[in-house]
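First up is the structure itself, then whatever we jot down about it.
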Amino acid sequence: RLRSASSCGSPAVAAMAPRWAAAALPSAALLLLPLLLAVASAGLSGYFGTKSRYEEVNPHLLRDPLSLGPAAAGSRLPAACAPLQLRALLRHGTRYPTAGQIRRLGELHARLLRRPAAAAAGCPAAADLAAWQMWYEESLDGRLAPQGRRDMEHLARRLATRFPALFAARRRLVLASSSKHRCLQSGAAFRRGLGPSLSLGSDEVEVEVNDSLMRFFDHCAKFVALVEENDTAMCQVNAFKEGPEMRKVLEKVASALCLPVEELNADLVQVAFLACSYELAIKNVTSPWCSLFSEEDAKVLEYLNDLKQYWKRGYGYDINSRSSCILFQDIFQHLDKAVEESKSSKPISSPLIVQVGHAETLQPLLALMGFFKDDEPLKANNYVRQMHRKFRSGRIVPYAANLVFVLYHCDQVKTSKEEYQVQMLLNEKMMFFHHSNETISTYADLKDYYKDILENCHFKEECALPKVNITAVDEL
């Protein structure tokens with residue numbers, strides 16, 4: 001049976017509970033423009049969830065997109081340690097809305113355009129939005145935006161600066177990606193960002209498509225049937241949409257647009273909020289859509305987004321994270337190989353492995369490893385208690401999010417176990433390992449801590465559907 005962090009009290013849910021404009025400005029103003037725009041949107045920009053700019057987690061990049069920032073200072077290993085392998089899992093860069101989001105935004109915008117002129121005259125917010133140009137076309141459907149290419153190019157350059165020995169000339173780069181266009185383009189942009197730093201014979205590196213690792217969730221029948229395509233799995237999300245916090249936001253937005261509240265719903269309000277986020281991320285402008293929301297509204301809408309991520313990609317159901325063990329095990333298989341090659345004094349065959357996927361790739365993996373887990377599950381009725389939650393998707397998996405494993409070989413150590421050590425970085429910041437509360441671990445200790453997942457999580461078995469008629473099961 002499908003085990004969940006908390007049930008909505010519905011028999012169906014209990015049954016499916018899983019086991020687990022700038023060119024004309026003077027140059028000085030150009031330099032200040034990103035800061036001015038950031039200030040203009042500061043009240044909302046920290047609450048856009050998975051639609052957040054990467055700069056929200058690394059604000060120093062607004063000033064200098066190639067700066068390593070304060071987090072890089074003091075995080076170096078002793079001089080006797082040399083990096084052997086870097087494994088980077090990236091979320092694609094800033095993207096356009098999906099076709100479905102574009103359709104819903106178009107419907108909302110068309111509704112404002114149909115309003116009588118007399119009614120619009122007394123409603124400045126609605127008038128501003130009616131004048132806003134609906135420039136999104138469905139053909140954009142989640143494709144990588146120009147800013148997304150810059151996200152990847154700049155990230156590549158920063159990683160190369162931080163780990164120069166690994167990104168030096170004649171080092172082999174293995175580049176893989178999800179089959180989605182935005183991921184393939186992100187991989188190509190990452191390679192371009194490295195420029196001539198890797199002498200690989202040409203500037204082009206073939207990007208291997210690997211959906212079995214980057215989109216493992218599509219290949220997990222239990223996840224697809226019991227979570228992805230099961231409406232009752234999102235009962236906490238749906239309950240919050242109908243709850244008092246969202247009702248307050250709904251009424252406020254309806255009032256601002258001079259629309260009857262019955263003409264709006266939580267999904268349309270969320271689309272308006274996302275329009276604000278997209279304009280900032282893609283165009284670096286404060287959209288008129290942002291005027292509909294206060295910071296308090298933004299917190300509520302962020303929680304709605306986080307609820308969905310929690311129940312669909314995080315700790316809500318164990319199958320969400322257990323389905324990622326195929327990727328987790330692959331990471332350690334390559335680390336194992338590098339250790340073996342080093343012990344045999346052989347060249348490291350894959351010193352650089354970069355894979356581009358989605359928020360849905362990274363979030364389950366981080367949950368599998370136990371990061372950002374709150375003591376209490378995120379639910380529809382505990383919004384206030386979760387104000388200081390660890391699980392904030394915008395801080396974990398914004399656009400261009402990256403999880404990096406770095407394996408080191410260290411000389412001058414006291415024991416053989418200390419010879420191979422590991423660091424993990426999330427969004428270029430060192431992570432503290434659970435077992436040590438330190439930012440560095442011996443490779444042996446790390447493997448021992450995750451021994452159960454490495455040895456006992458079998459993708460096929462985890463993802464096999466129960467041999468029962470799921471819709472007929474109603475036991476608790």
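Keep in mind that glycine also has a Cβ here, set from the backbone N, Cα and C atoms.
TrEMBL entries are annotated by machine, without manual review.
These figures come from a predicted structure and were not determined experimentally.
Annotation comment: TrEMBL describes Cys81-Cys410, Cys276-Cys290 as disulfide bond.
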If you count CB neighbours within 10 Å, which one among the disulfide-bonded residues Cys81, Cys276, Cys410 has the smallest count?
Cys410
Just the number: how many Å between the Cα atoms of Cys81 (disulfide bond) and Cys276 (disulfide bond)?
46
Cα of Cys290 (disulfide bond) to Cα of Cys410 (disulfide bond): how many Å, rounded?
51
If I take the alpha carbons of Cys276 (disulfide bond) and Cys410 (disulfide bond), what is the distance between them in whole Å?
48
Cβ packing number for Cys290 (disulfide bond), 10 Å threshold:
21
